[in-house]
């Protein structure tokens, strides 16, 4: 029996999403205008934010761009915000969008080098604790200079590569054979071996994911919101690192200890060992690759190392904006490694562009938050406190919201509100700088709790790898729990005990950083 037009509409709407999810989104689209026009724009605004958070939480049911985008389009259409305000938010965060477009694509052309490095870690080091630690620390180091999303994209590529190699060989084929590693129907695979390998990959990906948060919070390029906060505070790369260090250094040490402990005691789903048979396959593959590596291939690796040095130097010395450094990485790696085919270049942009579009939708929701003054009561309440208590409240408020909502727009909203308070004369410039540290660390550290908070975690959850290694939303939350508790508590203690304030004063006295004036914040605003 042919489908009716209404059945066809529901069938097409949001594709393969569950029917209840489709009905929920359609209900949201009907409810929002009623709330906005007949109840209260403030209530409608908060409902929209909660609905948007719901679409992020349900990322495995449907990629959030479409449902979130429909909610954002309707918000503009009914007057919750304007298209101009959305454009203004995107303009203000253009560097973040450029970072996602160019930096992620640039690192795509350096994957060979990173695959080479991570393959060596797994094949040469047999201790699971040591491998976990190396993945965590390597991710932390890379995330300090690259966007966390980029680092996770690389680790995903590494894990997919390992999974595909094992699946191919275990299915009775050789390394060069064409094979569909997503197929579940192969009877030759050893199920217990496959499950152990999946557990091992899940462990490494979660350690690496948390590593990106540990390293990402330290520098202005580590996470998209860091760049936004640094721009509002008018800090350069070095100053950002110094100002964050009283919180980020103790947190990094605590994170490393957590990595060791969860592996040692095999708790929260950690401690899965790499089966010997799988290790042998990966070692054979590494030996096969080494034996067949030509001088041309070796030269490509050398070029990628040199471009990596330029990348770190360019960012550390702030020689150009982050996005432009990323563009230079694309040009240098492709030019010297002979990648000139348009289709080969296009593949590099496939990973990041859907998320870049989703980020533009985030900024539409930020525009609603700003226009409807949704956060004003929270901000005013927090500013009514003084000293370390005020900093702790901002840290916790950012942290709680970042656990359930994307930390990019949480950080953006809070720094904008605090900047407005500075311009109104409610706080001093030194207080603003301390609050910027509390906001940055608050959005970055507790947000590892769920995939909603960390863009890198959401990217991992929505990747093609997640179903292959059975990494669900609930499992990610459970595995992130020990890190969430430790990182959040250590961050709070670093602020609450006065260590942040005392260390910052020491940095001023040692002339490592300087006192800024409020004009540094107001000037860019008025010149916009």
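Every residue gets a Cβ built from N, Cα and C, even glycine.
Swiss-Prot lists transmembrane segment for one of the ranges 284-304, 305-325, namely 305-325. Within the listed segments 204-224, 330-350, 414-434, Swiss-Prot records transmembrane segment for the stretch 204-224. Nonlocal intrachain contacts for the transmembrane segment (449-469), taken as residues 6+ away from its ends with a CB within less than 8 angstroms of a stretch CB, comprise 53, 56-57, 59-60, 63, 148-149, 151-153, 156, 159-160, 163, 181-182, 198, 201-202, 205, 209, 212-213, 216, 223-224, 355, 359, 402-408, 476-477, 480-481, 484. Long-range neighbours of the transmembrane segment (10-30) within the same chain, counting only residues 6 or more positions beyond its ends whose Cβ lies under 8 Å from a Cβ of the stretch, are 3, 51, 54-55, 58, 61-62, 66-67, 70-71, 74. Counting same-chain residues at least six beyond the ends of the transmembrane segment (96-116), those with a Cβ under 8 angstroms from any Cβ of the stretch are 90, 146-147, 149-150, 153-154, 157-158, 161, 221, 224-225, 227-228, 297, 300-301, 304-305, 307-308, 311, 321-330, 333-334, 337, 339, 347-349, 351-353, 355-356, 359-360, 408. The stretch from 131-165, 240-260, 359-379, 476-496 with the most CB pairs below 8 A to the transmembrane segment (305-325) is 131-165. In this chain, the transmembrane segment (131-165) lies out of contact with the transmembrane segment (359-379); the count of Cβ pairs under 8 Å, excluding pairs fewer than 6 apart in sequence, is fewer than 3. Through the fold, the transmembrane segment (131-165) approaches residues 99-100, 103-104, 107-108, 111, 114-115, 117-119, 121-122, 125, 175, 179, 181, 197, 201, 203-205, 207-216, 218-219, 221-224, 252, 255-256, 259-260, 263, 270, 274, 281-282, 285, 311-312, 315-316, 322, 351-352, 355, 454-457, 459-460, 463-465, 468-469 of its own chain, all at least 6 residues removed from its boundaries and within a Cβ separation under 8 Å. Long-range contacts of the transmembrane segment (240-260) within the same chain, counting only residues at least 6 positions beyond its ends with a Cβ under 8 Å from a Cβ of the stretch, are 129, 132-133, 136-137, 140, 207, 210-211, 214-215, 217-220, 226, 230, 433, 436-437, 440-441, 445, 482-483, 486-487, 490-491, 493-495, 499-500, 503-504, 507, 512-513. If you look at the transmembrane segment (476-496), the same-chain residues 6 or more away from its ends with a CB under 8 A from one of its CBs are 202-203, 206, 209-210, 213-214, 246-247, 250-251, 254-255, 257-258, 261-262, 267-270, 388, 391-392, 395-396, 399, 403, 438, 441-442, 445-446, 448-451, 457, 460-461.
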